[in-house]
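According to TrEMBL:
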type	residues	note
DOMAIN	46-296	domain 'G-protein coupled receptors family 1 profile'
TRANSMEM	37-56	transmembrane segment
TRANSMEM	68-92	transmembrane segment
TRANSMEM	104-125	transmembrane segment
TRANSMEM	207-227	transmembrane segment
TRANSMEM	248-269	transmembrane segment
TRANSMEM	275-298	transmembrane segment
Amino acid sequence: MGTKHTTNSSEFQVSEFILLGFPGIHEFQIWLSLPMALLYIIALGANFLILITIYLEPNLHQSMYQFLGILAVVDIGLATTSMPKILAILWFDAKTISLPECFAQIYAIHTFMCMESGVFLCMAIDRYVAICYPLQYPSIVTEAFVIKATLSMMLRSGLLTIPVPVLAAQRQYCFRNEIDHCLCSNLGVISLACDDITVNRNYQLTLAWLILGIDMILVCVSYALIIRSVLRLNSTEAVSKALSTCSSHLILIMFYYTAIVILPVTHLAGRRVPLIPVLLNVMHIVIPPSLNPMVYALRTQELKVGFQKVFDLSLYVSRK
């Protein structure tokens, strides 16, 4: 009986998946493409502007802004792994995706999301050392430290997420190939498998706790220590400056990790209202890349000055 089942599984193995888009609103989802395209353009434009500004402005060649530049690269990557395909589905009805492309998208999304969490942790540690140990800061957070932290974060994210698509690729997809989603989410894909997916679910959960869970705890501890240290300062001006520097980080970090916590809960409720987890999943991929640079641009004085200098230089070059 076991041999017969294997033969049937391989005989009916699907060769491609069909991404149906947003469940329950297929007739109206074209209207979602306009705000999504706008968010994608903002994400690309604003993050490239941050990279150019940090590169051209010598005053921004500090660890805090170097990590911000790395975050901009990760945000461009995260948005680009998903948005072109989502827009192709909504605009051109390009719903089919091959299995290798789907598994590659799963890997890219997981890697960039884990890298984003890693960058937030690096930024939290940078601010913790800068505020709690200001005298030792230049000797601790050096250029070598930034390079090592970045490489460690990239290796951790790149290697630990490899089993997610590999395990998904090992499943048998016999008959069903329609995914009620506009991107290849791991849980959405493996739910189509006709064999046991327990190991896939367990690894997904383990990965979430190993990377995102530990990062979230360390980030919270870092900012708790920062706030405690800041409140001990006698100078009101120093307190205001320190809190202003950290507030932009906290806004983005709270949005990112709140969405991470909410997503699994909405997936459990997704059988009743399948649109909610899909919409939140897409928003969590497209909103942070467009929100991050805007928050930093509005709340960081040095970055505002850098933008102004870059714009003045471009105007000067265009006039010549």
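The backbone N, Cα and C atoms fix where each Cβ goes, and this holds for glycine too.
Unlike curated entries, TrEMBL annotations are predicted automatically.
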Which residues, given as numbers and ranges, are at least 6 beyond the ends of the transmembrane segment (68-92) yet have a Cβ under 8 Å from it?
19, 21, 29-30, 32-33, 36-37, 40, 43-44, 47-48, 50-51, 54-55, 105, 108-109, 112-113, 115-116, 119-120, 122-123, 150, 182-183, 282, 285-286, 288-290, 292-293, 296, 303
Same-chain Cβ contacts of the transmembrane segment (207-227) under 8 Å, 6 or more residues past its ends?
110, 113-114, 117-118, 120-121, 124-125, 127-128, 131-132, 156-157, 160-161, 163-164, 242, 246, 249-250, 253, 257, 260, 264
Over the span of the domain 'G-protein coupled receptors family 1 profile' (46-296), how high is the average pLDDT in this prediction?
90
